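Taking it in order: structure first as structure tokens, then the write-up.
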Amino acid sequence: MYRAEKSVRYVGFAMKKEIFKVANYTAATIAYLIGSGLASGQEIIQFFSSYGLVKSCLAALIMLSIFCCVTVVTIETGRKKRITEANNIYKVYCGKYLGTFFTWLTPLILFSIYAVMISGAGTLSAEYFSVPNRIGRLIMLVLSLGTVLAGFEKLVSVIAKIGHVIILIIIVLSVYSIAKTADWSAASSAAIGEYGFKQASPFWFLSGINYAAFCALTLYPFLAELGGKTNSKKEAVATGLFSSVVFFTIAMLINFSLLGNISVLAGKEMPAVFIADLLFPRVGGIVYSVILYSSIYTTAVPMLWTTCNRIAADDKSVKFKLCAVILAVTAYFIGGLPFSVLINFIYPYIGYVGIFVFACLVITVFRRRKSE
């Protein structure tokens with residue numbers, strides 16, 4: 001009897017531990033993705049909201065289906081193969097030669113996104129904290145560089161803790177915005193066209209594919225590394241699916257919040273912060289700006305870490321640390337360019353590259369199933 005009770009307690013403890021790990025990994029993944037583009041609303045406007053209510057929802061469903069596939073397959077691949085160098089995941093999906101090409105190309109892409117994060121930090125600081133753009137960029141450089149120099153384990157721990165808070169606050173603010181200020185009269189694609197918002201792609205369905213591929217391309221090495229930390233297929237699959245659904249939910253809540261206030265958002269670099277300020281004058285914009293700055297940090301850190309990991313696999317080595325310092329300083333100067341312009345120029349092209357890598361992933365999965 002005592003042994004049976006002890007066994008039940010052990011199983012219960014193991015399940016709680018597994019659920020906690022999945023929640024932690026999910027928070028880390030979401031925090032990695034949120035960044036300045038999504039949390040500011042600029043990314044969501046360009047990839048979803050600018051197409052209108054119906055088309056934005058359809059594009060988001062396309063994004064969700066692709067994203068579920070990417071996260072589950074990549075985390076499970078990382079678990080099975082125990083990949084020691086995160087960027088080698090591209091060789092698994094694309095073969096030796098194309099994979100080698102992507103192991104070099106993708107870190108360059110991630111570095112460009114890191115520069116966008118630095119730019120977002122500068123823009124946010126200047127618009128809502130009255131701090132000079134260059135100082136805002138410098139603060140983000142110091143914070144992100146300091147965390148990267150601490151290593152991957154510290155990275156996951158820090159961004160997971162911040163991730164839980166960011167997710168909760170973004171969801172609460174978005175729901176409150178939809179309930180209180182939403183005006184759907186201007187949410188049709190025809191009405192939105194009059195405001196002149198930038199669009200990531202000429203067609204809504206291509207935008208959904210592009211956004212999923214863009215997010216996936218930046219996420220592959222991180223997911224592979226995360227997969228190496230999981231202990232079972234169940235844990236890997238749960239992390240992938242839960243991360244995808246939570247990310248989709250957050251993106252759509254922001255989308256609905258933006259669409260409900262679309263008539264007043266034209267020309268705004270940080271539309272979500274503007275909405276927070278409308279909801280809670282004086283206080284809302286400042287509070288959400290702090291959350292947004294945290295979101296930028298949680299994306300900037302793994303972007304810089306993954307880029308450096310390609311050049312030096314050991315994140316404790318002098319080579320890795322020197323690389324991190326040089327790249328961070330370079331990104332500081334690139335980040336001086338306008339935030340919305342950088343997003344519109346860089347992100348769609350990254351998405352098109354990501355579509356090719358996703359196609360390689362699908363082919364690899366089918367080949368594996370045939371050989372089994």
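In case you wondered, yes, glycine gets a Cβ from its N, Cα and C as well.
The structure displayed is predicted, hence computed values, not measured ones.
Noted in TrEMBL for the protein shown:
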TRANSMEM  22-41  transmembrane segment
TRANSMEM  53-75  transmembrane segment
TRANSMEM  96-115  transmembrane segment
TRANSMEM  135-152  transmembrane segment
TRANSMEM  159-179  transmembrane segment
TRANSMEM  203-224  transmembrane segment
TRANSMEM  236-266  transmembrane segment
TRANSMEM  286-308  transmembrane segment
TRANSMEM  320-343  transmembrane segment
TRANSMEM  349-366  transmembrane segment
Highest-contact recorded stretch vs the transmembrane segment (203-224), from 22-41, 135-152, 286-308, 320-343, 349-366, CB pairs under 8 Å: 349-366
The transmembrane segment (96-115) in contact with the transmembrane segment (236-266), cutoff 8 A, at least 3 CB pairs, sep 6+: no
Seg_contact(the transmembrane segment (159-179), the transmembrane segment (349-366)) with at least 3 CB pairs under 8 angstroms, min sep 6: no
Sequence-remote partners of the transmembrane segment (53-75) [C-beta within less than 8 Å, at least six residues beyond its ends]: 29, 47, 89, 184, 187-189, 204-205, 207-209, 211-213, 215-216, 219-220, 223-224, 226-227, 230, 236-237, 239-241, 243-245, 247-248, 251-252, 255, 259, 358, 361-362, 365
Selected stretch (most C-beta pairs under 8 A with the transmembrane segment (286-308)) from 22-41, 135-152, 236-266, 320-343, 349-366: 22-41
Residues from the same chain, set at least six apart from the ends of the transmembrane segment (22-41), whose C-beta lies under 8 A from its own: 71, 113, 116-117, 119-121, 124, 156, 159-164, 166-167, 170, 215, 218-219, 222-223, 226, 229-230, 235, 238-239, 242-243, 246-247, 250-251, 254, 257-258, 265, 269-273, 275, 291-292, 295-296, 298-300, 302, 339, 343, 347
